[in-house]
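To start, the structure itself, in structure tokens.
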Amino acid sequence: MRPPWLLVLSSALLSVVFPAVADLQKRSFAIERVRNPNFTGRNGPQALVKTYRKFNMALPQGLAEALEARRKKDAMAAAEQRGHWASRYTDRREPADDVSTGLRLGNEKENGNGDRNRLGHRIGNGQGRQARRRTGRLLASQNGNGTTGKQVGSVPAVSDRNEVEFLSPVTIGGQTLYLDLDTGSSDLWVMTTQLDPATTANHHVYNASRSATFRPLSGAAFRISYGDGSGAQGTVGIDVVDVGGASFAHQAIELATAVSPQFLRDQGNDGILGLAFSHINSVRPRPQRTFLDNIHSQLAEPVFTADLRKGAPGTYTFGRIDPSRFRGPLAWIPVNTTGGFWQFASECFAVGRDGEAQTSTPGGQAIVDTGTTLLLADAKVVDAYYAKVPGAWQDVIAGGYTFPCNAALPDLALDVGGVYTATVSGSDINFATVGQGICFGGVQATAPGQRAIYGDIFLKSQYVVFNAGNNSLGMAPHA
């Protein structure tokens with residue numbers, strides 16, 4: 001499956017093109033994710049819907065229908081609940097006509113649309129497990145240095161509620177918010193006091209008037225929209241942003257003045273810190289630099305790392321690679337930044353530890369996304385994988401593959417850039433139950449013609465380095 005000569009050649013080539021990172025003499029800044037206290041448990045169809053929405057992909061027909069049916073059911077239940085409490089309140093205080101008017105208005109509001117390398121690379125035998133999540137470039141005259149010196153810093157219940165399991169504390173202008181660090185987007189946007197307080201009761205909100213270092217970015221605005229009509233928009237300012245001790249004094253922050261209900265229902269999640277590439281930032285008239293683009297030259301090494309593991313929140317580190325956290329040398333994969341993502345070719349795969357190498361769609365591309373829970377792969381990969389799982393089937397209502405929860409799941413080996421093979425443990429791929437002994441797979445198909453999205457299911461099998469200095473990814477199996 002992996003010709004020895006190719007392994008040797010790949011290793012030799014990598015040692016020339018991507019030299020090992022020098023030992024660091026500066027201290028590092030690590031940020032450990034924290035569990036979202038409002039998280040209500042993993043939901044496979046919900047996670048799939050969110051990923052499709054994030055990347056503006058059309059939902060599978062069955063899942064779209066199930067989602068709409070669930071929305072109507074929830075709306076009816078909410079209306080009935082309001083009617084119950086309204087009638088009790090009427091008995092005590094109000095004329096019946098007033099209550100019926102209020103209930104009618106409530107219903108109206110509720111129902112609104114508010115054979116290339118044959119995997120002949122070094123195998124990363126991932127031992128990590130399971131899974132969870134959505135998105136500054138400064139005007140040159142306002143950039144500044146920011147920092148000085150070097151730093152090391154299922155019908156299933158398909159809803160949009162409490163989706164993010166782990167969040168990261170980020171300080172903006174002295175105020176701590178809990179954000180989703182997201183390599184699949186390039187905006188740093190936050191909930192603010194400009195939103196209706198009734199809708200942000202379960203969020204920390206940024207108050208620009210409480211920050212001595214905030215200043216508005218005149219004429220700038222942002223608008224983020226998704227395929228389902230959800231999104232956020234607002235104004236833009238500059239403030240000090242600190243992530244685990246790595247600080248930049250002149251970071252563009254996007255202040256939400258309008259947010260769709262899908263975001264507001266995600267309780268405890270106060271916004272997004274995007275770590276993709278700046279040219280896809282949504283601020284207009286001029287995109288703003290991301291936090292990583294601003295700070296990487298100030299770090300002891302221009303990197304941040306994702307060390308995400310099963311049964312633990314996981315840690316992001318800025319400015320340092322920790323050799324104790326992975327086995328063997330890192331494989332370095334150049335990324336294609338054209339689309340703004342940490343993107344690479346991924347054309348080969350194998351199912352099971354002794355499985356033969358197979359090819360997926362020629363020219364297939366994938367991105368690494370810390371803001372996505374599932375692993376969405378080419379349909380050929382997904383079909384071949386579940387063909388090896390007894391009892392697995394494509395569940396139209398759930399929108400993806402399901403299987404008996406007691407099924408033995410094989411490992412999945414994925415090509416990363418033609419130079420490395422990442423192995424995702426089969427135990428990681430049992431994502432969540434959908435009821436009655438049936439479970440939802442953590443590996444599902446991406447939309448036809450779209451990139452694969454390698455999210456947490458993938459990340460928890462590997463130690464991953466995002467190198468902003470030379471636009472590359474480093475990968476190795478966890479220690």
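A Cβ is built for glycine as well, from the same backbone N, Cα and C atoms used for every other residue.
What TrEMBL says about this protein:
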- D182: active site (ACT_SITE)
- D369: active site (ACT_SITE)
- 106-118: compositional bias 'Basic and acidic residues' (COMPBIAS)
- 166-476: domain 'Peptidase A1' (DOMAIN)
- 82-133: region 'Disordered' (REGION)
- 1-22: signal peptide (SIGNAL)
(Q) Within the domain 'Peptidase A1' (166-476), what mean pLDDT does the predicted structure show? (A) 95
Q: Among the active-site residues D182, D369, point out the residue whose Cβ has the most other Cβ atoms within 10 Å, with all shown protein chains included in the count.
A: D369
Q.
What does the structure give for the C-alpha distance between D182 (active site) and D369 (active site)? Integer Å is fine.
A. 7
